[in-house]
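Contents: one structure, followed by commentary.
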Amino acid sequence: MGRCLGMKRPWWGGTIDGERQPSLVSHNVGSMDKKVVLITGCSSGIGLSLAVRLASDPEQTFKVYATMRNLAKKERLLESVKGLHKDTLDVLQMDVTDRQSILDARDKVAEKRVDILVCNAGVGLMGPLEAHSLDSMKQILEVNLLGTIQTIKAFLPGMKAQRNGRILVTGSIGGLHGLPFNVLYCASKFAIEGACESLAVLLQHFNIYVSLIECGPVNTNFLVNLTKAELGDPSLQHVDARTLGLYERYLHHCSYVFQNAAQDTEDIVKVFLDAMQSPSPAFRYFTSGAVPPLTELKVTQPDGLRYISAMSKLIFSPDEQ
Ligand SMILES: NC(=O)c1ccc[n+]([C@@H]2O[C@H](COP(=O)([O-])OP(=O)(O)OC[C@H]3O[C@@H](n4cnc5c(N)ncnc54)[C@H](OP(=O)(O)O)[C@@H]3O)[C@@H](O)[C@H]2O)c1
């Protein structure tokens, strides 16, 4: 279904943390020859780690435009790069739900081109569907779906004109199979799969590669930042008792999985680097090193019933943990 990465030795042979990192190329790169990378959602998590890694390449292979919707949050990023990256890092304001801010950020790119666009910004919404307000549902679709599409749209004419480019999108296993109590999140990430696949078919004629980096749980602020109905919230008062009981079980499952199986952002960054570096990148990369078995079921059992019963058993079976 896609390329499986993560378990094998990193292609550059080194580690992300700690000691000086090996170069991504074997020679110094002049300022005009740098790969220009623009990343959305760099205030924390995957976006921040990726921006730091690329801006820290000892051979200065990349010029990174790390964007975030709220520049008041840029200190964490700047502290992570320790002020040593004047030539490789710029921080720009960009809210992916605000078309003008996307265009303003694009126009501030000094090189007047972007070689690699990383659409990473995203939010979550968790709870029984009956508890979601219309505003909260619109908000997640505006960020995850329309925000990603608007961002790609703004940079597409430039990439087409230069007949060259990479578009990398932070995908989710929640975009490949349905997770209970994540109706809107899954809807947004499934939609992104379709949008990217549609674009990929066309854009190969422009030497532009689209890749989805499919993540399972990752240790970031995502769970803290997501909009979640807490047990006891007024929004849940009209939800039936059976649904609430299943939701409670789901919340236990979720915290168990994040505590025991979440990847670190460095693992995700390695996969992004692999996709960026490959001469012929895959459309899908799985960050956990293998296609997850439940994802596989979607392909091998297309009537969908095996998946639904396996996922239900995994999450709601009382013997599960
Ligand atoms: N963590 C996981 O388990 C996991 C699993 C699968 C996929 N993902 C995906 O990974 C991506 C990054 O998430 P993360 O795990 O790194 O979580 P995170 O630490 O919460 O980062 C999310 C980033 O998106 C930004 N953002 C939210 N709304 C935005 C907007 N309107 N415009 C611009 N930026 C916006 C946030 O900015 P603020 O600080 O301003 O909110 C933050 O920088 C998301 O697309 C998420 O769906 C995460």
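Glycine residues also receive a Cβ, built from the backbone N, Cα and C atoms like all the rest.
Feature annotations, courtesy of TrEMBL:
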type     : residues             : note
ACT_SITE : Tyr185               : active site, proton acceptor
BINDING  : 41-69, Asp95, Lys189 : NADP(+) binding site
BINDING  : Ser172               : substrate binding site
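Features recorded in TrEMBL, as mapped to the structure shown.
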| residue | record | DSSP (3 states) |
| --- | --- | --- |
| Gly41 | NADP(+) binding site | coil |
| Ser49 | NADP(+) binding site | helix |
| Asp57 | NADP(+) binding site | coil |
| Tyr65 | NADP(+) binding site | strand |
| Ser172 | substrate binding site | strand |
| Tyr185 | active site, proton acceptor | helix |
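Looking at Arg53, Arg69, the binding-site residues in this record, the fewest other C-beta atoms within 10 angstroms of the C-beta turn up around Arg69. Only Gly41 of the recorded positions listed as Gly41, Ser49, Arg53, Asp57, Tyr65, Tyr185 bring a Cβ under 6 Å of any atom of ligand 1; the order follows the sequence.
Comparing Thr61 (NADP(+) binding site) with the residue listed as 'substrate binding site', their Cα atoms are 28 Å apart once rounded. Every protein chain considered, the tally of other Cβ atoms within 10 Å of the Cβ of the residue listed as 'active site, proton acceptor' stands at 24. With respect to their backbone Cα atoms, Ser172 (substrate binding site) and Arg69 (NADP(+) binding site) stand 22 Å from each other. For the binding-site residues Ser49, Thr61, Ser172, counting C-beta atoms within 10 A of each C-beta gives the highest total at Ser172. Counting neighbouring Cβ atoms within 10 Å of each of the binding-site residues (Gly41, Gly45), the lowest count belongs to Gly45.
Distance noted between the C-alpha atoms of Asp57 (NADP(+) binding site) and Tyr185 (active site, proton acceptor) is 34 Å. Put simply, Tyr185 (active site, proton acceptor) is 27 Å from Tyr65 (NADP(+) binding site) when counted between their Cα atoms. Put plainly, the binding-site residues Asp57, Tyr65 were compared by Cβ crowding within 10 Å, and the winner is Tyr65.
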